[in-house]
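Colleague: Feature table excerpt (TrEMBL):
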type     : residues                       : note
REGION   : 1-46                           : region 'Disordered'
COMPBIAS : 1-38                           : compositional bias 'Basic and acidic residues'
DOMAIN   : 85-115                         : domain '4Fe-4S ferredoxin-type'
BINDING  : Cys95, Cys98, Cys101, Cys150   : [4Fe-4S] cluster 1 binding site
BINDING  : Cys105, Cys140, Cys143, Cys146 : [4Fe-4S] cluster 2 binding site
DOMAIN   : 131-160                        : domain '4Fe-4S ferredoxin-type'
REGION   : 198-221                        : region 'Disordered'
Amino acid sequence: MTEHRDVDRRSPDPHDPGHDMVAQTKHELERRGRDAGPVKRSSWLPGPGQGFGVTFAQIFRKVTTEEYPEVPKVTKPRYHGRHVLNRHPDGLEKCVGCELCAWACPADAIYVEGGDNTEDERYSPGERYGRVYQINYLRCIFCGLCIEACPTRSLTMSNDFELADDNRADLIYTKEQLMAPLLPGMEAPPHAMRLGEDEKDYYVRTPDPASPAEPVTVEQP
Ligand code: SF4
Ligand code: SF4
């Protein structure tokens, strides 16, 4: 059997798990030869002077210290933060309890149980609604696959990133915590459909830009 001496194929990146610093240094010394002289400095400054020079140069750089939490951090507009379960402009829930978000989640962080709407107790247009909805923020990696999978745009992500807590139970967010607040013109479910005869009318309607419950987003170039 041939001995494998593959030090050359080791990664030169010291952060790479395949990197072997001892073997690589040994190989480098072998390559230079035992009689090779020391490496010459490229600077006329002595070593300590070069080291302090790096420190001294930092003094004149722009300070990037963040004053958080006294000064709240402003995230990018498309930041993936805490989830929101959205509502239709009359207050009914957009979630139809289909569980597609839970199936799409690679971290198994979402738990959904659907329920049946009745004419006396209606939470969403159509047949079903999300009776139980939980997101476990101990598991969530904020990848956004769940919001891509949601067919009704019920589930979206906000810019809120302050999700730390001191116990595990409080990081499992319930439907009540995730539901969007009621805006002017909305009524808390259960109630009858106000925007059409059936659920299709909710999705083919032209949004009313004057309604505070229906902000029209303009894409920036
Ligand atoms: S953001 Fe990703 S990890 Fe978090 S709940 Fe959605 S799919 Fe799961
Ligand atoms: S949030 Fe969207 S994908 Fe998830 S259960 Fe509700 S409707 Fe389905």
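Cβ coordinates are placed from backbone N, Cα and C, and glycine is handled just like the others.
TrEMBL annotations: computationally assigned, not manually curated.
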Colleague: Counting only residues 6 or more past its boundaries, what in the same chain has a CB within less than 8 Å of a CB in the domain '4Fe-4S ferredoxin-type' (85-115)?
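Modeller: Distant Cβ neighbours of the domain '4Fe-4S ferredoxin-type' (85-115) are 122-137, 139-141, 143, 145-156, 175, 178-180, 182-183, 185-189, 191, 193-195, 202, 208, 211, 213-214.
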Colleague: Taking the Cβ of Cys150 ([4Fe-4S] cluster 1 binding site) as centre, how many other Cβ atoms lie within 10 Å?
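Modeller: That number is 19.
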Colleague: Of Cys98, Cys101, Cys140, Cys150, which binding-site residues come close to ligand 1, meaning Cβ under 6 Å from one of its atoms?
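Modeller: Cβ < 6 Å from ligand 1, in sequence order: Cys140.
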Colleague: Applying a 10 Å Cβ distance cut-off over all chains shown, what neighbour count does Cys98 ([4Fe-4S] cluster 1 binding site) have?
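Modeller: Summing over all protein chains shown, Cys98 ([4Fe-4S] cluster 1 binding site) has 17 other Cβ atoms within 10 Å.
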Colleague: Going by Cα-Cα distance, which of the binding-site residues (Cys95, Cys98, Cys150) sits nearest to Cys105 ([4Fe-4S] cluster 2 binding site)?
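Modeller: Looking at Cα distances from Cys105 ([4Fe-4S] cluster 2 binding site), the smallest one goes to Cys150.
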Colleague: Going by DSSP, give the three-state secondary structure for Cys146 ([4Fe-4S] cluster 2 binding site).
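Modeller: Cys146 ([4Fe-4S] cluster 2 binding site) sits in a helix per DSSP.
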Colleague: Where Cys143 ([4Fe-4S] cluster 2 binding site) and Cys101 ([4Fe-4S] cluster 1 binding site) are concerned, what is their Cα separation in Å, rounded?
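Modeller: Cys143 ([4Fe-4S] cluster 2 binding site) to Cys101 ([4Fe-4S] cluster 1 binding site), Cα-Cα distance: 12 Å.
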Colleague: What is the three-state DSSP composition of the domain '4Fe-4S ferredoxin-type' (85-115), stated as helix, strand and coil residue counts?
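Modeller: Per DSSP, the residues of the domain '4Fe-4S ferredoxin-type' (85-115) fall into 5 helix, 9 strand, 17 coil.
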Colleague: Give me the count of other Cβ atoms within 10 A of the Cβ belonging to Cys101 ([4Fe-4S] cluster 1 binding site).
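Modeller: A count of 25.
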Colleague: So if I exclude everything within five residues of the ends of the domain '4Fe-4S ferredoxin-type' (131-160), which remaining residues of that chain have a CB under 8 angstroms from its CBs? That is, six or more out.
Modeller: 75, 77, 79-86, 93-98, 100-115, 168, 171-175, 178, 203
Colleague: Same chain, not part of Cys105, Cys140, Cys143, Cys146: whose C-beta falls within 8 angstroms of the C-beta centre of the [4Fe-4S] cluster 2 site? Give them in sequence order.
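Modeller: Once Cys105, Cys140, Cys143, Cys146 are set aside, the remaining close residues are Cys101, Ala104, Pro106, Ala107, Ala109, Ile110, Ile135, Ile141, Phe142, Gly144, Leu145.
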